[in-house]
Amino acid sequence: MGDWSFLGRLLENAQEHSTVIGKVWLTVLFIFRILVLGAAAEDVWGDEQSDFTCNTQQPGCENVCYDRAFPISHIRFWALQIIFVSTPTLIYLGHVLHIVRMEEKKKEREEEEQLKRESPSPKEPPQDNPSSRDDRGRVRMAGALLRTYVFNIIFKTLFEVGFIAGQYFLYGFELKPLYRCDRWPCPNTVDCFISRPTEKTIFIIFMLAVACASLLLNMLEIYHLGWKKLKQGVTSRLGPDASEAPLGTADPPPLPPSSRPPAVAIGFPPYYAHTAAPLGQARAVGYPGAPPPAADFKLLALTEARGKGQSAKLYNGHHHLLMTEQNWANQAAERQPPALKAYPAASTPAAPSPVGSSSPPLAHEAEAGAAPLLLDGSGSSLEGSALAGTPEEEEQAVTTAAQMHQPPLPLGDPGRASKASRASSGRARPEDLAI
């Protein structure tokens with residue numbers, strides 16, 4: 001057959017821009033197909049028509065039987081197989097050469113532009129396109145070039161499968177020495193004989209094995225490219241995170257918890273109660289933030305009562321008891337002789353009260369533990385609104401106070417006593433404090 005050197009040179013150029021499996025495939029194509037076909041197969045099939053004989057004298061019967069036995073010669077069939085299988089690789093090579101030529105033109109334009117400049121920089125090397133060249137100077141297989149290479153492999157695989165199937169349906173994988181032919185113009189079924197059938201069968205099996213090996217290499221290359229691209233895709237997604245966080249580095253320390261402002265406990269304002277000041281002294285009312293007065297005040301902590309109703313009831317009773325004691329103290333002050341009234345009001349002793357009447361208020365105060373409030377002689381509206389009880393409870397508290405504090409027998413005018421009693425129920429009048 002013809003010279004295969006031109007095709008070999010083209011495929012050799014394509015081998016430089018192929019993968020490892022692609023280079024192996026081209027090696028198999030060169031050695032086990034082109035060389036075997038050109039060196040041995042032509043000699044084996046060179047005399048196949050001249051040595052094909054039939055037991056008939058009918059003119060044309062032998063040629064018709066040969067055409068039916070071998071629709072296409074094995075040599076020409078394998079030559080077509082090599083050409084068809086190599087065509088996708090040649091197309092890929094044309095794409096590579098196109099890219100190389102475009103790069104050369106680009107370099108030439110850059111050199112021309114550099115020469116046209118007023119101050120050229122000869123030391124500046126021409127910059128290559130990083131997307132088309134790798135670190136070894138070869139054309140990078142990416143983008144459109146990669147798609148061309150993948151289509152190259154797919155079409156090679158399809159051609160291999162097609163030619164293997166065609167060989168099976170045309171010849172089968174074995175040549176028999178005897179071939180029976182009944183085709184016209186043969187008068188009857190004639191026997192035809194094939195020369196060197198065993199040798200030809202060996203070559204058929206060998207070429208079939210080479211075709212299967214090429215098909216397997218194509219499938220491996222598809223798997224290799226698919227796995228490589230899948231790995232690159234995963235690496236491109238996870239690569240930046242892995243590069244920023246090298247191995248062996250500890251996790252960053254957790255952020256400190258957000259500092260919250262300290263909880264401000266809002267309590268009730270303190271209340272100051274007078275400790276039984278004498279009648280002549282003015283009563284001072286405490287309020288939050290005010291400086292303490294000169295009189296003796298006692299700061300009582302605000303505690304929660306066990307029962308609201310019980311504490312209010314007991315405190316109402318205690319309040320009325322204190323009012324009753326103050327009334328008796330006013331009466332005693334009025335009965336004092338003029339010599340004793342000349343003394344300061346601060347030296348006036350505490351109001352006399354029976355022994356039995358002083359202990360119950362203290363006992364009630366310790367037992368109830370009610371919230372202390374500011375006590376004055378007149379009873380403020382705050383006390384009345386916060387600790388006001390039902391009329392029955394107030395009546396019971398007043399009755400208890402009357403039972404515990406029996407008034408002494410009047411020594412003077414009973415009218416004055418009733419008059420002082422009416423005056424003590426309200427605010428102190430100026431005539432009560434007159435000396």
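Placement of Cβ uses the backbone N, Cα and C atoms for every residue, glycine included.
Looking at the candidates Cys61, Cys65, Swiss-Prot gives Cys61 as the cysteine bonded to Cys186 by a disulfide.
Per Swiss-Prot, the topological domain holding Glu16 carries the same name as the one holding Leu145, which places both on one side of the membrane. In Swiss-Prot, Cys181 is paired through a disulphide bond with Cys65, chosen from Cys54, Cys65. Note: Swiss-Prot links Cys54 through a disulfide bond to Cys192 (candidates: Cys192, Cys212).
Under the DSSP three-state reduction, Cys186 (disulfide bond) is assigned to coil, being neither helix nor strand. Of the candidate ranges 20-40, 153-173, 202-222, 153-173 contributes the most Cβ pairs within a distance under 8 Å of the transmembrane segment (72-92).
With DSSP classes pooled into helix, strand and coil, the tally for the topological domain 'Extracellular' (41-71) is 13 helix, 2 strand, 16 coil. For the topological domain 'Cytoplasmic' (16-19), residue counts in helix, strand and coil come to 0 helix, 0 strand, 4 coil, using DSSP. With a cut-off of 8 Å between Cβ atoms, the residues of this chain six or more beyond the transmembrane segment (153-173) that come close are 22, 25, 70-72, 74, 77, 80-81, 84-85, 87-89, 201, 204-205, 208, 211-212, 214-215, 218-219, 221-222, 225. Averaged across the topological domain 'Cytoplasmic' (223-435), the predicted model reaches a pLDDT of 51.
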